[in-house]
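Copying in the features that TrEMBL gives for the protein in this structure:
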- 15-53: domain 'EGF-like' (DOMAIN)
- Cys43-Cys52: disulfide bond (DISULFID)
- 183-219: domain 'EGF-like' (DOMAIN)
- Cys209-Cys218: disulfide bond (DISULFID)
- 494-517: transmembrane segment (TRANSMEM)
Amino acid sequence: MSCPLNQTLIDGNCIANECVTASLTICSNNGKCGGISLNRCVCNTGYSGHYCQCQPGFIQIRQDGLECAQNFCKSPRGQCFGRSTCILKISLSKKEFVCDGCGSFTSNDPRQGCAGCLDGASIFGPVSSRVCVNDSCITGDTVCNGKGKCSRFGFCVCEGNFSSALSCKGCKTGFQLHNGQCIADICKTGQSECNNHGKCDMETLECRCELSYSGKTCELCSDGMIQVNGKRDCANPSCVINDTICSGNGKCGGISLNKCVCANKTNGHYCQCLEGQSQLYQDELICGANLCKSPRGSCYNRGECKIVGQELVCLSCGQYVYNDPRKGCYSCLEGSVYFGTLSNRDCRPKKCITGDTLCNNQGICQASGICACTDSNADSTSGCVECISGHHMINGKCLPSSCVYNDKECDGRGTCQGSVCVCVTYLLNEKLQCSVCNSVNALENEFCTVCRAGYEIVHGECVNTACPEGQTFNPAILGCDETQEFNQSVSSGLIAGIVIMALIVVALVGLGVYFFMKKRNDIPRRNSIVMPLRDAPIHRMNSNNSTALVTENPEYAK
């Protein structure tokens, strides 16, 4: 089989010579021969070149040649994203097509068709725009803070006096941001603001100087002020000593800035007196120990502070005689402590304080620090809490030991008068001897144990136990009570009387009444002296005290 002129037989088919390579392949086996005249290679996807000989990503270098080179100009929007032209770049090792720069888009990559970014840059704004900006120029959602442009070298070129080093977010040195603009900062003087003697007004960017200073940057002294501290500061002359303001312990203050306001717990005209000292004289700078100071004013507002020698001391503490005048009338003298409310700081001698009272409320604290007890038998050295020798404290009273029995005054049966007990009633305890026996029934002898004639001891009392006929003494009621025998005899007599009265009438009734009354008046009384039962005999006091006799006590002379 033979083919027409300009065609070649390949695999039984006649193929146009324009589609046949030198190695007798059809379109480099990467396409097929097509077109209207079937004389042009139609390449498979990704392949290109006259004979489809260029692999994907490569293109034919020359129209009349078959050599291919890698293509870096391709982009989603034509060659080089329409920002540049595509050129062949030839080196010793390779040939490639790249974009000839990316125009003003300096952070876009010419080897990515100007659609990608160089290292250190990112797409800024809509992705479709493919605008790359150096990362150092991006400030939030703006480029260079909206105050400049990003250079091809990756830093901001700022307008006005904004700082490139700050990506146009701040001002250059010597300028201050004011109303969105960087203007000259007249407040700055080197590394300080207003020479450290004022504050910068952020509205006007002018120094507002301290009262002792003036000038645009507070570099001058105000009228009436002088330079001190090696001409670094200004102050009123009345505050300056040895070229120093207030001895370095304060600052010049007051309405006229002519008085030292001290710090560091110092005081004095020039703050020259250290803590614990005060200036002794107004016209001299001598300092002395200030012993008048207290938490509540001078001398705790209790006395007058005066100069004594080289010290300031309280002349006295007024009525607070136990407070220490050399400690501001605030602390106590030796041997004394605070008494009462702590805030009152009232000092009293330790020996006078008994709990929360003075002298046990039984005396007065004397200037000597010893109590003067109202009870002469109380011990003043104990704060009137204890008694002197030979006495005992019973219910707040110091009683002679001779009157104290079972820790009670006269065993609770009498009262102590002088050094002896006066008994209220008779006492069976022979140890409790009484000088006087107090009883309306006249108890007798030293122990008040014997009743007067006609009385007997009942329940510890002398009681008249004599009763009329037909009655007996009832101890339960300490009185007489009718008996059953007497009641029966009365009933029989009444019956007999009624019978006799019925027989003899009125005369015998009168006679019966006469004898009845006479019989009642003739009932005898018993007079007896009853001694109480004892295990031991009663011993009479060997005393010459005549008051032991009942007849000598006026109470019993009835």
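Residue numbering: from 1, along the chain as shown.
Heads up, the Cβ atoms here are built off N, Cα and C, so glycines get one too.
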The domain 'EGF-like' (183-219): which same-chain residues, six or more beyond its ends, come within Cβ distance under 8 Å?
161, 171, 174-176, 225, 233-236, 252, 257
Relative to the Cβ position of Cys52 (disulfide bond), how many further Cβ atoms are located within 10 Å?
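Excluding its own Cβ, Cys52 (disulfide bond) sees 24 Cβ atoms within 10 Å.
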Could you tell me the C-alpha distance between Cys43 (disulfide bond) and Cys209 (disulfide bond) in angstrom, no decimals?
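Distance between the two Cα atoms comes out at 84 Å.
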Average the pLDDT scores across the domain 'EGF-like' (15-53) and report the rounded value.
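Residues in the domain 'EGF-like' (15-53) carry a mean pLDDT of 90 in this prediction.
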Under a criterion of Cβ-Cβ distance under 8 Å and sequence separation of at least 6, what residues of the same chain contact Cys209 (disulfide bond)?
Cys194, His197, Gly198, Gly215, Cys218, Ser222
Between Cys43, Cys218, which of the disulfide-bonded residues has its C-beta surrounded by the fewest other C-beta atoms within 10 Å?
Cys43
